[in-house]
Amino acid sequence: MMTRLFRRPLAAAHAIAGAAFVAALALPGGLTPGAVAQDLTDAQAIVDRASAASYYQGPDGRARVHMSITDAQGRERSRDFTILRTDIDDRDNGEQRFYVHFSRPADVNGTVFMVWKHVGADDDRWLYLPALDLVKRIAASDERTSFVGSHFFYEDVSGRGPREDTHSLAQTTDTYYVVDSEPKDPSKAEFARYRNYIHKDTFLPVKTEYFDGQGKVYRTYTVEQVETIDGHPTVTRARMADSQIGGATVMRYSSVAYDVGLPQDVFTERYLRNPPRQHLR
Amino acid sequence: MVTMSEAAMSRPGRAMGLAAFLSVVLIALTAVPSIWPQAVPALHGLKIDTDPENMLADDEPVRLFHNRMKAAFSLNDLIVVGVVQEDHPQGVFNPKTLGEVYRLSQAAETLTWDEEDGPAGVIAADIIAPDKVDNIDQAGLGSVSFNWLMPAAPETPEAAQAVRDKALALPMLDDTLVSGDGRALALYIPIREKNDSYRVAAALRDRIAGFDSDATYHITGLPIAQDQFGVEMFKQMAISAPAAMALILLLMWLFFRNLNLVLSPMVVAMVSVIGAMGLLIATGQTVHIMSSMIPIFVMPIAVLDAVHILSDFHDRYPQIGDRRKTVRAVMEELWRPMLFTTLTTAAGFASLAITPIPPVQVFGIFVALGVIFAWAATVTLVPAYIALMPERAFERFRRDAADVAAHPEHIGWLGRLLQGVGGVAYRRARLVLALFVAAVAVAGYGISLIAINDNPVKWFRADHEIRVADRALNERFGGTYMAYLHLGAAEPRTVASVAGDLRERLAALDSAPARRLAERLDQQTETATDPQALLDDLAGWVADAQAAAGDADWQAWEDAAMAVERAAQAGDVFKDPAVLRYVAQLQAALEARDDVGKTNALPDIVKTVHRELLGGEDQAFRIPDSAGGVAQTLITFQNSHRPQDLFKLVTPDYRQAVVWLQLTSGDNAHMRAVVDATEAYMAQNPPPRALDHDWFGLTYINVVWQEKMVAGMAKALTGGFVAVLILMTLLFRSPLWGLLSMVPLTVTIALIYGVIGLVGKAYDMPVAVLSSLSLGLAVDYAIHFNVRSRQIQQRLGDWHAALTHVFGEPARAIARNVIVIGAGFTPLLAAPLVPYQTVGALISAILVCAGIATLIGLPALITLFRRWLFADAPASQPAQRRA
């Protein structure tokens, strides 16, 4: 989950594809028992399950993330952070809270980004900057701004609401549901549509392609590695490439854990200045 | 040479046919690959080059640096769309106009296409337009907001005003996107390749044509200027040059009253121009602003010798009465001056090959070739042409001569004028000399006033749309001329310095993990050669140790690991608040100058974000006090829609940064002044940490090539002068006559440049190149005058008597040349590009000046120094009568 947290399920989002890790996906032991279960045909239902599989595994979760940002000229920057997540009332596709604590680069060590994700309303976001000893609420008209300078958007990390788009099932293959999604409010999205390749067994979107108004793919999310952790198929490496600005960001997840028992008050303003160290290792 | 003329005359048809054949072959050789480039890949087609950067060789260090920096900071060529609305009280900030701007920007984003080597057209992610940039401001209590500045076209006047007010509050946009008076705005549309600009601009113009607000849209920017320049260059070659030719033809007809005959110099000019330009294209050279002027330079020189022949033929035909015999007599008399004028002119232009500017080298070499072609064509085609004409065609010459013989007062205004001039020069030789010396003295003073300056935008006429847009935008915005000051960390970063720094940090921690890491550090330092590799090794080692450690030690290991990270970041010079404050002070010092409209640099982003984080008050518009504060401010900025904008001002390793200057003038003199002022500022106010600095950007490249050109021209002119002096001395077998022949060109060059200095015209590219033309043309008249003077003096043995003859046919030929060619170049004054106008005006001035110096100065000097000049004359004469 966490991982997924991060990888955003983008609401439905992501997609699939790539053959290489298909092998990894094919085995997730627990999830596919009845395997040959009936294929789903309701696109919205598929997307809801994909969102749940990507962002809502277990009641809470934790992961350490190493993010490597490579720009168009091949220059690399990195960030390390820990993500804590809790689901309110352990409800799939419901309210969630995230606590993102940065440790590297050294000069942003202690920076915290906190989100209260709401369904059907703007999220609440906070930023804590230790060098300025400043807690700031962040307001933004849309959630498609860069996440700390990477190719991932803020929304890719917290998850795009499954109800923000109109979904249609383009194709069902042996392995994937291929779902096309168009934004209900085009003014809040820079894409014209996106296509998700959702793995039929795990419901993890393993590839997502974003199309511009001219029908060209300009942004591609690819899952590069999936591991089953605590029984949950978990994306442990994912890439986001953007041909408009060039380059790509890769996120690697480690120390992933579910059902950690995070106290709810960790996700409050007073923990911004005093990180819950025992949960961040 | 006389042999060549004889041969041509005996087979005139064949000579003309051969010239026509060669011309057609050259035209085909260049036209075919131009029109069907795939059909004949081995041949070179016409290649137009309008890139001013190419004034320097592409491996010139300043260009390599420029290209490296453009890549490092992701800078691209920009199309600038300025939107100005005078009559609306809110300027362009009204719903209607902003609606158009919004639609234009949305359309610009789609102007991309794929070419064989990848995507082409607009770089959508980097467009600067109201709907494409982020606004950062306050959003209620304790809240900061990142939003598109203009997410949609505003619907009310208040909303339109709000867009303006927000942009004016952002230093990066004020005076760049929005004019300082808040009434105009500019869109900056980056394109991948300069060549993409034509298609993009055409699409933008289409879109703008459908708008009906009262706003004026100016499309400009360097790529647009270059496209326009190419168009104007063709106009010049297709209209101005032929117009000059037509006028020359008309003037010759007025002198010789024989249309058929005066066509022959035109044939010579055509053949020479086709030869020079054909070879230029066929050898794969590009047609550049310089080489596009080759026809204009070759034409007068090509016509010059032919006019001498026609003039002499016209004057002697009546006595000889047979066209072939007359031609033979004329050629015997003229072969030597024509050969030498050709050699000296060619030498003058060939000397440009020693300038360090490749287009100038090409120009010099191919004009020199054209001059040689012109000579070959003149001595063969003009006689052949005359041979093809019937004897009766020249009947009129005989009648005119008979008329003049019977009525000496009918010699015409030119004849009378020249006789008068000759008389004055003889009788008032000292006065003439004194006047010349005085003129040269004044010219010397003028030369001392010469200001070296150029500005490629000013190559367009003042009423050209590029200049109009340029003025409209520079009046309102920070400036459209971009220059970039690169600053780079220069403090040495060695294994020893990095290890020393880390050792101190670990010692301060005073923990067991820190001590173990310090041991590892000491071990590794002994063998490490690269500080970064050392730090990477330590980071890996400490991460492993931390992973293996128990919970109790975890934090101590984390602190040790952090010490390694901090040591690694110590080299991030452009996160150091002291460095950023220094850069901001340097910016302020530069912005205080009139020629700098605005600067943009990293401190502007840091201060703006810091202000908004701290509540939006002015006192928070400052650099934070720690590197961490800077880093955290910047990571906040990177949560915007366009985090990549940061790396247009600093590299991701924070060791290089640029100050982007918007200059209100593209004059090289202004750029040079800004460079010098920066130099002085940095010398007086050393940066807090060692910084290298250097410049790039086209405005700066222009300065570099101009400075190379000025120095190169001085060398070329000196070299050409010496070469011509040697040739003259050889021709006359007399150093004294050699020196004498240099007088008209010396006076001409002095006067031309003296006047340029006195009237305050900048010494720019065309002015510099014309020194070679002066050298080549002015010596021509002196050669003709001196050779003929010596011939006649030898025949008559008396200078006073000889002078009367010299001021007959020989002087008439020179005067006709001055008038025909001098007036013939005035159509260039109507050319669409200023360098061509300059060239036209100066060619005329040079010819008139050289004509006067030759026809008045030389007879006066010969009169004064005849005792020495003619002392050994008889001994040197026999050589002249060889056939």
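Our numbering is plain: 1 for the first residue shown, then up by one each step along the chain.
Backbone N, Cα and C define each Cβ position, glycine as well.
With DSSP states grouped into helix (H, G, I), strand (E, B) and coil, the domain 'SSD' (B:261-388) comes out at 115 helix, 1 strand, 12 coil. Positions annotated as domain 'SSD' by TrEMBL: B:261-388.
Residues or ranges marked as transmembrane segment in TrEMBL: B:237-256 (among others).
According to TrEMBL, the feature transmembrane segment maps to B:263-282 (among others). Away from its own ends, the transmembrane segment (B:263-282) comes close to residues 16, 19, 22-23, 26-27, 29-30, 34, 43-47, 245, 248-249, 252, 291, 294-295, 298-299, 302-303, 305-307, 310, 362, 366-367, 369-371, 373-374, 377-378, 381-382, 385-386 of its chain (Cβ-Cβ under 8 Å, at least six residues beyond either end).
The transmembrane segment annotation in TrEMBL covers B:294-313 (among others). Long-range contacts of the transmembrane segment (B:294-313) within the same chain, counting only residues at least 6 positions beyond its ends with a Cβ under 8 Å from a Cβ of the stretch, are 237, 240-241, 244-245, 248, 252, 255-256, 261-262, 264-266, 268-269, 272-273, 276-277, 280, 326-327, 330-331, 333-334, 337-338, 341-342, 345, 349, 363, 366-367, 370-371, 373-375, 377-379, 382, 386, 773, 776-777, 780, 784, 809, 812-813, 816-817, 820-821, 824-825, 828, 836, 839-840, 843, 847.
For the transmembrane segment (B:334-357), the list of distant contacts is 1-2, 5, 55-57, 297, 301, 304-305, 308-309, 312, 363-365, 367-368, 371-372, 374-375, 378-379, 705, 708-709, 711-713, 715-717, 719-720, 723-724, 727-728, 731, 769, 772-773, 775-777, 779-780, 783-784, 787-788, 880: same-chain residues at least six beyond its ends, Cβ to Cβ under 8 Å. Annotation source TrEMBL lists transmembrane segment at B:334-357 (among others).
If you look up TrEMBL, you'll see B:363-388 (among others) marked as transmembrane segment.
For the transmembrane segment (B:431-452), the list of distant contacts is 424-425, 668-669, 706, 710, 746-747, 750-751, 753-758, 760, 762-763, 853, 856-857, 860-861, 864: same-chain residues at least six beyond its ends, Cβ to Cβ under 8 Å. Under the heading transmembrane segment, TrEMBL lists B:431-452 (among others).
Same-chain neighbours of the transmembrane segment (B:709-732): 55, 336, 340, 343-344, 347-348, 351-352, 354-357, 360, 364, 452, 738-739, 741-742, 745, 749, 763, 765, 768-769, 771-772, 775, 779, 783, 786-787, 790, 876, counting only residues six or more beyond its ends whose CB sits under 8 Å from a CB of the stretch. For B:709-732 (among others), the entry in TrEMBL reads transmembrane segment.
The transmembrane segment annotation in TrEMBL covers B:739-759 (among others).
The transmembrane segment annotation in TrEMBL covers B:765-783 (among others). Non-local neighbours of the transmembrane segment (B:765-783) in the same chain are 289-290, 293, 297, 300-301, 304, 337, 340-341, 344-349, 351-352, 360, 363-364, 371, 454, 706, 709-710, 713, 716-717, 720-721, 724, 728, 731, 740-745, 748-749, 752-753, 756, 814, 817-818, 835-836, 838-839, 842-843, 846-847, 849-851, 853-855, 858; each lies 6+ residues outside the stretch with a CB under 8 Å from one of its CB atoms.
Look at TrEMBL and you will find B:818-836 (among others) tagged as transmembrane segment. Through the fold, the transmembrane segment (B:818-836) approaches residues 229, 232-233, 235-236, 240, 243-248, 251-252, 255, 289, 293, 296, 300, 303-304, 307, 458-461, 464, 764-766, 781, 843-844, 847-848, 850-851 of its own chain, all at least 6 residues removed from its boundaries and within a Cβ separation under 8 Å.
As annotated by TrEMBL, transmembrane segment applies to B:842-865 (among others).
When Cβ-Cβ distances below 8 Å are used as the criterion, the transmembrane segment (B:842-865) is approached by residues 296, 300, 418, 421-422, 424-426, 428-430, 432-433, 436, 736, 740, 743-745, 747-748, 751-752, 755, 766-767, 770, 773-774, 777-778, 780-782, 785-786, 789, 799, 803, 806-807, 811, 814-815, 817-818, 821-823, 825-826, 828 of the same chain, each at least six residues removed from its ends.
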